[in-house]
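Student: Encoded as structure tokens, here's the structure I'll be asking about.
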Amino acid sequence: MAEAHQAVAFQFTVTPDGIDLRMSHEALRQIYLSGVHSWKKKFIRFKNGIITGVYPASPSSWLIVVVGVMSTMYAKIDPSLGIIAKINRTLDTTGYMSNQTQNIVSGILFGTGLWVALIVTMRYSLKMLLSYHGWMFAEHGKLSAGTKFWMALVKLFSRRKPMLYSFQTSLPRLPVPAVKDTVNRYLESVRPLMDDEEFRRMEGLAKDFAFNLGPRLQWYLKLKSWWATNYVSDWWEEYVYLRGRGPIMVNSNYFAMDFLYLCPTTLQAARAGNVIHAILLYRKKLDRQEIKPILLMGSTVPLCSAQWERMFNTSRIPGEESDTLQHVKDSKHIVVYHKGRYFKVWLYHDGRLLKPREIEQQMQRILDDDSEPQAGEEKLAALTAGDRVPWAKARQAYFSRGKNKQSLDAVEKAAFFVTLDDIDQGYRKEDPVRSLDAYAKSLIHGRCYDRWFDKTFTLIVFKNGRTGLNAEHSWADAPIVGHLWENAMATEYLELGYSEDGHCKGDTNQNIPIPTKLQWEIPEECQEVIERSLSTATALADDVDFHSFFFDTFGKGLIKKAKTSPDAFVQLALQLAHYRDMGKFSLTYEASMTRLFREGRTETVRSCTVESCNFVRTMEDPTESNENKLKSFRIAAAKHQNLYRLAMTGAGIDRHLFCLYVVSKYLAVDSPFLKEVLSEPWRLSTSQTPQQHIDLKKNPEMISCGGGFGPVADDGYGVSYIILDENSIHFHVCSKISCSETDSHRFGKNIQKAMLDIMGLFNLSKNCTK
């Protein structure tokens, strides 16, 4: 085939007359263009590394400082207080330079040193300014004169246009809270969940820990906080994610959904072409650090950008005791799964990125391929869905050599993974409830063998053109993937677009080599391991009860008119709904972020508080007046907001206790207090997905469903929600079918009723009933 010949640079045959060498000029041209592309990328990375490395100064400021120093020298003024003269004398001992050259070199060296000292001073000053978090606790919309002055100073030191990683070295380190403070906050958080006797017992354990073992463990933790960039993140990644030996499908991975109503095209290959191209444009910006860092407080306070580093070209590698994350600097291909076959698709041709129509062409070639899967190939990815140890052993035994290793390398070193699904999914107006539920379940686990759960993310394109993501959790948290996904959807819909017949814009290119089908030789013993992993994964997937629903009675607009934080409102509604559903209060997890600090990830907000429980009891008491209920709500909401702010500013409870527990294990000392704390189940686990990029006021049709995750506890609920616009919120509720106490649809109804009942406390309620 012509395409196959283009992939070979030269061929030769040995004849009686010598060697007959036949060069393929097209292949050599492609090799040349590929090399040019690689060197361009290396140069851009080098340039951006310099720009980021000297921030908040600029590379051009070096010239200004050096010219300034040289000018004062020629004016017979010594700006160095004798340092230039000392450098001159040192250079004079070499005997290789004239006096004039020595003066120039001395001036340049001093100017460079002065420039570096100014950079360090500016960076340290900015770090000190960013260590102030008083603004976080100010009343919403009211800033003190001191806070305004602080904001002006931050903007002064960071006025130069920052790149994605510009602020990294200026971000403060995550502080280690005092043991007594953490223990006291912990006791306060569990008080509403324990009777008097249980609480006295726990209080005794806690106080004993705070006065005896705690300070010893704290010393080691303080030592780590001075030495390491972040005292939590590496242990969190290793012990919470990478050392988990159970399935990551459902238990760890999460998903992101497509637009709710909008489907730009029903052509599967076309939708894949534009979305893949949009994701690759995002990767290009990421490589060049052109993505703007996330800034809070009116574009003043930066968040850590470290989690973007491993978004692409990364895969989780199984190990018997612990997994690892394998990241390569660049990848020029993706791997596509369709009907049991794996295809390698090159992303570049003629030294440039494939255009959307060309990617569509490649996807269509895969869809039109009617070859059968090789033995064991169809369900191979079930290994990534089951327990980790069998996968690690199978990888070592059957995929460490030959064509299996080459094919597995292609998957693990791909930019990302793509599944062209052969079923329809997405919201259907005629059956909104079941269609969204099935859509969520398909994204989080599919058939258990048609997503590569170890890749940072799998792009799933369904037969009817609907899309979604399944993301691995260890490398980054949901807001990072959400940022990618929102940008990709906006680029696809607002910039790339489709022709009238639903295809990507542009022309096909028949010179592009066809996708390469990956080759496997999977023995029967390995196929048996695959089937066992599939059995484990299927049992887990079949037990997931998912309910995804769109709440459009009101949104953040009306909640803000009630002078309440939208997140606090939803969290208190969840507490009320959970009490009505289960008849009791439970330990509640709400994910918060600590990205105000370098390499920060998440912290837990314990949403079930004494104040929230008092509010729920007040709501359920028919003798209480609306005035008392509203007062109780205000107190509970204020408490929740304070806890959220404490978590964001490094004064949370759970990450500190987790790290103390890790230290105790390293020291081989037993702590009954820590052991009990770390074993407490989170029967209500919640997370808010932020709306970051899409402007729904300008483009209301681009409303999305956000994303969700699987149940955390066997007898509890997981709830993810996205506060979309002024009038809508989307919820994803999950639980386990095997638990007789939980029912995701029942809990969903309780959530909706709780939202309405709380809003009914305000005079605004007459505007939001349907």
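Glycine residues also receive a Cβ, built from the backbone N, Cα and C atoms like all the rest.
Pulled these from TrEMBL:
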type	residues	note
ACT_SITE	His473	active site, proton acceptor
DOMAIN	1-47	domain 'Carnitine O-palmitoyltransferase N-terminal'
DOMAIN	174-753	domain 'Choline/carnitine acyltransferase'
TRANSMEM	104-126	transmembrane segment
Student: Could you give the residue numbers and ranges of same-chain residues that sit at least 6 residues beyond the transmembrane segment (104-126) on either side and whose C-beta is under 8 angstroms from one of its C-beta atoms?
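Tutor: Non-local partners: 54-57, 61-62, 65-70, 73, 80, 83-85, 87-88, 91, 97, 154, 157-158, 167, 169-170.
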Student: Averaged over the domain 'Choline/carnitine acyltransferase' (174-753), what pLDDT does the predicted model reach?
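Tutor: Averaged over the domain 'Choline/carnitine acyltransferase' (174-753), the predicted model reaches a pLDDT of 95.
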Student: Including all protein chains displayed, how many Cβ atoms other than that of His473 (active site, proton acceptor) lie within 10 Å of its Cβ?
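Tutor: Taking every protein chain into account, the count is 20.
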